[in-house]
Amino acid sequence: MTKKGLGDLGKLKFDFKRFIAGIAFGILIILSIFLLNSAGFFFICAVLISISSYELFLIQDLNKPDFFIIPALLSIVVAYSNIFLPASLFIPVFFASSFLLLLKNVLFFNSENGRSIYLDIFSIVYAGFFLSFIVKIFNLTEGRLLLLLLFVIIWASDIFAYYGGRHFGKHLLYPSLSPKKTVEGAICGFTGAIGAAIIFKILAGNNFEQANILIYIFIAGMAAIAGMFGDLAESLIKRIAGKKDSGRIIPGHGGILDRIDSLILSAPVFYYMVFYLTLTNNK
């Protein structure tokens, strides 16, 4: 077999491993959505937050327990307060958590852990606050279907962007952040997300009546765009640190952050659009 053939075979093996890992992750998410109650789903969210917080520090080579344990725990506290407490209580909890992290760095400051100061605050926003919106979506009316819809939008966007970029990509989208992402891939991802959302609504039928089709397409498109920015945001974090992946927990995909980077920003955007749309429909 020629070297070119061996190279193609290696690429196919990698793609197959990526495909299997993606399917397994997707099945786990779907089972969690439909089999767990709110408390159980929050536990899953807390696990994701903990791993995401750890990976933020791992990317910066700050992987000792004393760096990430307290920020991870406070990220879960912030997430819990955003989900289950009124806004009047969430704000004090958020500022108290930020103050505790700053106090930790002041009391135990040295040349090594001084690098973690910005990551402490960033982790409770990026991992804790943003990811908490997946549980807030879960708790909405028709929340299970809404959350599944969000994942369908994200998965379709990622898949169409990945393969669309590989086959049609010619113009780089943002080469200074991600040298492989292309304008053509982004267009394919956006189109695929809207198409998948429309198919989802048709298949759901009378079980899912959130909005008319135009508003529905708008929500799907905005969630897809937010997901792309989430992908670029994580690329920025890794580029600053000089890393390719956030971890190695998922074969073919890297770390948890590599798999949910689109979800982190799309979840709050999706939640607020659906939330205010629901309020409008109830008036």
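Each Cβ is built from the backbone N, Cα and C atoms, and glycine gets one as well.
Taken from TrEMBL as is:
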- 41-59: transmembrane segment (TRANSMEM)
- 66-83: transmembrane segment (TRANSMEM)
- 89-110: transmembrane segment (TRANSMEM)
- 117-139: transmembrane segment (TRANSMEM)
- 145-164: transmembrane segment (TRANSMEM)
- 185-204: transmembrane segment (TRANSMEM)
- 210-229: transmembrane segment (TRANSMEM)
- 260-279: transmembrane segment (TRANSMEM)
At a C-beta cut-off of under 8 Å, are there same-chain residues at least 6 beyond the transmembrane segment (145-164) that contact it? List them, or none. 26, 29-30, 33, 134, 137-138, 181, 184-193, 195-197, 200, 204, 207-208, 210, 220, 223-224, 227-228, 231, 262-263, 266-267, 270, 274
In the same chain, which residue numbers or ranges, 6 or more beyond the ends of the transmembrane segment (117-139), come under 8 angstroms Cβ to Cβ? 33, 38, 41-42, 45, 48-49, 52-53, 56-57, 60, 62, 67-68, 70-72, 74-80, 82-83, 94, 97-98, 101-102, 104-105, 146-147, 150, 260, 263-265, 267-268, 270-271, 274
Can you tell me which parts of the same chain pack against the transmembrane segment (260-279), counting only residues 6+ beyond its ends and a CB-CB cutoff under 8 A? 48, 52, 126-127, 130-131, 133-134, 136-137, 140-141, 146, 150-151, 153-154, 157-158, 210-211, 215, 218-219, 222-224, 226-231, 233-234
